[in-house]
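*Asks:* Just dropping this structure here.
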2 protein chains.
Amino acid sequence: MTELSKDIMQLLEWLGYFGNDPEGGVTRLLYTKEWLEAQKALEHWMNTEGFDVHFDEVGNLFGGLQGTKYPNETIMTGSHVDTVRNGGLYDGQFGIVAGLLALKHLKETHGQPLRSLQLVSMAEEEGSRFPYAFWGSKNIVGTARREEVENISDFDGIAFVDAMRDCGFHFRNESATIRQDLKAFVEIHIEQGSVLEKEAKSVGVVNNIVGQRRFTVEVTGEANHAGTTPMGYRKDAVQAASAMICDVINRARVHGDPLVATVGKIEVKPNVVNVVPGHALFTLDIRHTEKSMLVQFTEEITTALNQIAKDMNVGLQIDMWMDADPVPMDTRIVEVIEQQCKEIGLNYKLMHSGAGHDSQILAGLTPTAMIFVPSKDGISHNPAEYTDPYDLAEGVKALIGTLYTLAYEE
Amino acid sequence: MTELSKDIMQLLEWLGYFGNDPEGGVTRLLYTKEWLEAQKALEHWMNTEGFDVHFDEVGNLFGGLQGTKYPNETIMTGSHVDTVRNGGLYDGQFGIVAGLLALKHLKETHGQPLRSLQLVSMAEEEGSRFPYAFWGSKNIVGTARREEVENISDFDGIAFVDAMRDCGFHFRNESATIRQDLKAFVEIHIEQGSVLEKEAKSVGVVNNIVGQRRFTVEVTGEANHAGTTPMGYRKDAVQAASAMICDVINRARVHGDPLVATVGKIEVKPNVVNVVPGHALFTLDIRHTEKSMLVQFTEEITTALNQIAKDMNVGLQIDMWMDADPVPMDTRIVEVIEQQCKEIGLNYKLMHSGAGHDSQILAGLTPTAMIFVPSKDGISHNPAEYTDPYDLAEGVKALIGTLYTLAYEE
């Protein structure tokens, strides 16, 4: 293992100690003791490295190197410090660790940058403790609203506000101006999919984050006795739902990449072996890099499902409860990353992100792009999350080269 | 409403008082206080009518009129006294009430029969309190085994044995000879389906009770991130299960009546909106009046499901955990019932039963047949269970005529 790979692994394990869960993996939820310990430990580390360190009001941690020529232009990197319950060592953490090592390396090798360089350890992205995601990045870009979290609590009934205050943080002043110094954000993250692994690539250069639409589809038939109701008398909600699921997924396959359609959840009522089900509900998650395709596919399946419901004589209710547009990454930064990959000789692939990331929020404020490293077997949000240390180092090299270009070159 | 309809309704409501549930309907589970009160009240009523009354060891209640010429040949009618939780006024009860009124009428009109006539209020059929069904009828025919219930308990942890003993009953002597006097059993019951209602018939003459096979079908794919896993990389257990469900149900429809196939229960793992499901399980309940068709359909769908699993690259496990053969009703008794329907001028239909009944157990010991009356909207096992009092009376007329032929004629 190279020195860089070793350094990365050592830091990942060090950071993963905060929230090390006896039931497996890392559980480091927003505004918990483990979370605060991790942020404080990172603060200490950044101080040791000689970065200019500060927390913002809500607990995002920043550590920077001031620019010698353009101190008011900031190139930022980093990711989120929170994890899901029983998460792995890489999701979020790796972006922070990689940034830490990149800034350290750049400072040691090239001294102070022309533009300010900043590492961020964002407070929250996963939405795992409270029903709110991207709390960290949304506070940076100024779209988080006090009233959105004022009345939410975690599973133990602890109010968001109390948890935040107990950690020593408080709401951002929403009337204050949003920072104007950010000129670029580059986030390195695990892919959380198996595309890089399957194509044997070490690095992904992300040019787009998919848009998502999520639906609940409710099918209403008629509950009947499984023995005494001839097939011709039935309004079988499960039969109709199954036909709909087959139809939607087949249509998605016909359209092909990058469209994905997933039926992740099914609920049947009464859900007993000897009753023809009167009610079936399923969720549908569709994603694509082009908004127009999301709109078109929504129309296509709405028509198709209504036709099936009509043919099968069941009621149908389609409810879209999430509609997030795709977020294209900044073309110039994508080019810089790609150029660096070529110069260093990395085995890379231009790709989109099928998962959501802090970058999609930051992109609303500043030019943004992402670097991916492979996820073994596509696994994430799980103690079994793993990336080969070789690939981790390849990713950090791409990050270092990119940050150098953005912060050290005219 | 005719006098007969009024008498039936009055008795149904009287009997339904025992176990009248504040949450709706009737809850009269085996060996509960309500159950014992109902049996004791029926015992009292039968005594009042001058029947020869006795309980067997396990709590089946019998009340009879001795035959003048063939006292050792018994024609029996009746049904089960237990209900499901929040059951209706008709399921089981009606067979007892109808038998009571039939015997009373026959005795008052024609005096003692040539053959003995007996009413039975069977202890248990539903399997609603303990995981054991047909406890009443299986004790009559001698197939209930002590060891099958010795270690079972209800949801509150009360042992079957304790509940039975607390009601004053105990195990049948399994080495004793089974009664040899039974020459016929005729059970009247609600249809629990909507065939009679849809075809506007008052009475069903049952010529067969369907056989049933029940399966659990387990599909094993691979859980994956809904956003980062292209369609081509997926092993989607829900997509495969949906294709299988469509296939099985379509095949059942192609075969046509009396085949029915029901997927009543689906369980998906992890069952969250943004994960391609790695695991799906569904139950399959198939019924037909011919065993050969159950066997043939089982083979057909086993081949078809395995082909789908192969095509979709998922694992498949098909587990058959119930295999009950069809039970044809006794041809002679079916003819007697049909003849009576014709003579009385009833609006009847020859049909099979898609549900299980005590009659399928009794048929193992003695020639057996059933009479159905309609179920409004096919509803049963529910407080909304309902049969028009007119149809109830038509059913009782068919029963009276049948019992007269069997017990009073040479």
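Any Cβ shown, glycine's included, is placed from N, Cα and C.
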*Asks:* Of the candidates A:Arg172, A:Arg179, A:Arg214, A:Arg332, which one does TrEMBL list alongside A:Asn274, A:Arg287 as binding allantoate?
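*Replies:* TrEMBL lists A:Asn274, A:Arg287 binding allantoate, and from A:Arg172, A:Arg179, A:Arg214, A:Arg332 it also lists A:Arg214.
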*Asks:* Of the candidates A:Asp91, A:Asp154, A:Asp156, which one does TrEMBL list alongside A:Glu126, A:His381 as binding Zn(2+) 2?
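*Replies:* Candidate listed by TrEMBL for the same site: A:Asp91.
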*Asks:* Looking at the binding-site residues A:His80, A:His189, A:Asn274, which has the shortest Cα distance to A:Glu126 (Zn(2+) 2 binding site)?
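*Replies:* Nearest listed residue in space: A:His80.
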*Asks:* To the nearest Å, how far is the Cα of A:His381 (Zn(2+) 2 binding site) from the Cα of A:Asp91 (Zn(2+) 1 binding site)?
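*Replies:* On Cα coordinates alone, these residues lie 7 Å apart.
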*Asks:* For the recorded Zn(2+) 1 site formed by A:His80, A:Asp91, A:His189, which further same-chain residues have Cβ atoms within 8 Å of the site's Cβ center?
*Replies:* A:Ser79, A:Tyr90, A:Gly92, A:Gln93, A:Phe94, A:Gly95, A:Glu125, A:Glu187, A:Ile190, A:His357, A:Asp358
*Asks:* Can you count the other CB atoms that lie within 10 A of the CB of A:His80 (Zn(2+) 1 binding site)?
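*Replies:* For A:His80 (Zn(2+) 1 binding site), the count of other Cβ atoms within 10 Å is 28.
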*Asks:* How would DSSP class A:His80 (Zn(2+) 1 binding site) in three states?
*Replies:* strand
*Asks:* Tell me, what is the mean pLDDT of the domain 'Peptidase M20 dimerisation' (A:211-311)?
*Replies:* 96
*Asks:* What's the CA to CA span in angstrom from A:Asp91 (Zn(2+) 1 binding site) over to A:Arg214 (allantoate binding site)?
*Replies:* 23
